[in-house]
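Undergrad: Dropping the structure in here first, questions after.
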Amino acid sequence: MQTATSIILETLATGMDLAPELAEAGFSRLMDGEMTCAQAGSFLMGLRMKGETPQELTEAVRAALARAVRVTGIDGPTIDIVGTGGDGRSSFNCSTATALTLAGMGHRVVKHGNRAVSSSCGAADAVEGLGLPLELDPEDVRALVAQRNFAFLFAPRFHPAFRNVMPIRRELGVRTLFNLLGPLLNPARPSHMLLGVARAELLPLMARTLLLTGVRRAAVVHGAGGYDELTPMGPAHIMLLEGDGQGHGTLTEISVDPADYGIASCTPEELAVPDRDTAVRVLRELLSGGGPAPMRDMLMLNVGMALHLLEPGLALPDAMAAARLALAAGAGGKVLHA
């Protein structure tokens, strides 16, 4: 008699997509430690080889959130600024700078993240370096959002079930669905998201998954130069999402050209930081209204896109203009001293 796991593996071996109930069973068994290492590795590689679908990724999100420490009780719209990583760039932590700038402008930000993946300084490293609290409980998150419009949710603290997955990921040593899953698992369930991907082919997969998991408004971004953020290096390819929170909505493809906003192109070296200390110093400069011009331009592009999502009716050119003014005024620095 076939077990559920053997049925799942046989389905993947034939190159077929998993039905929702099979996907849910597979991810539940994986996260509960009920698969052997051989089964877990076969499961993850089978998904990768055939190509993960939005429905399969959605079932992975649901299984992970069912086992997560959830954060509730934050009223009104909230946003997360996050990327999949894997762009191979040691760029400054633009997502954290964007999040803090938005918080300084009065928007509620619940940033979910971890240590560095492809940069010199990951979101958690940056938050820690700026002196902001890292090890938070749900009550702390609610209090900090009320106090300063910003809280950081350190992923390992909120996803204990991932301890069953990490050894398998390390042994495999290759990209799996879990490289995409992290940005989708914010336990505070923000209504808005600015999500970056390092590969353009991931745009529809991630956008459709956000829609299915209940996000109301989002932009999934692939930046010029292969970055998982908008950059001054050239036009960004973007999928805009308008959802009803119940899995239904529309997706629209757009392109955003920095030249339209008076931004000069730059090189990857002008966006890079060599180490954590430099990364934190640059962040402080940017949040105070200074910093290197190419990094400031990149920050403006991402803040502007997020404002376009958060403020209904705010056209993108007006959002970019508002972002420029906020950066010049050092809006993000207010959060550090709240």
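Every residue number used here counts from 1 along the chain in the order it is shown.
Cβ atoms are placed via backbone N, Cα and C, with glycine included.
The feature anthranilate 1 binding site is assigned by Swiss-Prot to G83, N114, with sequence analysis given as support. The 5-phospho-alpha-D-ribose 1-diphosphate binding site annotation in Swiss-Prot covers G83, 86-87, S91, 93-96, 111-119, A123 and rests on sequence analysis. Swiss-Prot lists S95, E229 with the feature Mg(2+) 1 binding site, giving sequence analysis as the kind of evidence. Annotation comment: Swiss-Prot describes R169 as anthranilate 2 binding site. Residues or ranges marked as Mg(2+) 2 binding site in Swiss-Prot: D228, E229.
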Undergrad: Under a criterion of Cβ-Cβ distance under 8 Å and sequence separation of at least 6, what residues of the same chain contact E229 (Mg(2+) 1 binding site)?
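TA: Spatial neighbours, sequence-distant, of E229 (Mg(2+) 1 binding site): G83, S91, C94, S95, G196, V221, G223, M298, N302.
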Undergrad: Please state whether DSSP places S95 (5-phospho-alpha-D-ribose 1-diphosphate binding site) in a helix, a strand or coil.
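TA: In three-state terms, S95 (5-phospho-alpha-D-ribose 1-diphosphate binding site) counts as helix.
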Undergrad: Between the binding-site residues H112, R115, where is the Cβ count within 10 Å the lowest?
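TA: Minimum Cβ neighbour count within 10 Å, taken over the binding-site residues H112, R115, occurs at R115.
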Undergrad: Round to a whole number and give the Cα-to-Cα distance in Å for the pair D228 (Mg(2+) 2 binding site) and N114 (anthranilate 1 binding site).
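TA: Here the two Cα atoms lie 16 Å apart.
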Undergrad: Could you give the Cα-Cα distance between R169 (anthranilate 2 binding site) and N114 (anthranilate 1 binding site), in whole Å?
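TA: Cα to Cα, R169 (anthranilate 2 binding site) and N114 (anthranilate 1 binding site) are separated by 16 Å.
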Undergrad: Look up G83 (anthranilate 1 binding site) in the DSSP assignment and report helix, strand or coil.
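TA: Assignment for G83 (anthranilate 1 binding site) reads strand.
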Undergrad: What's the number of neighbouring CB atoms sitting within 10 A of the CB on D228 (Mg(2+) 2 binding site)?
TA: 28
Undergrad: Which ones in the same chain are close to N114 (anthranilate 1 binding site), with CB under 8 Å and 6+ residues apart in sequence?
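TA: Once residues fewer than 6 apart are set aside, N114 (anthranilate 1 binding site) is near G122, A123, A124, F154, A155, P156, G182.
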Undergrad: How would DSSP class H112 (5-phospho-alpha-D-ribose 1-diphosphate binding site) in three states?
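TA: SS state of H112 (5-phospho-alpha-D-ribose 1-diphosphate binding site) = strand.
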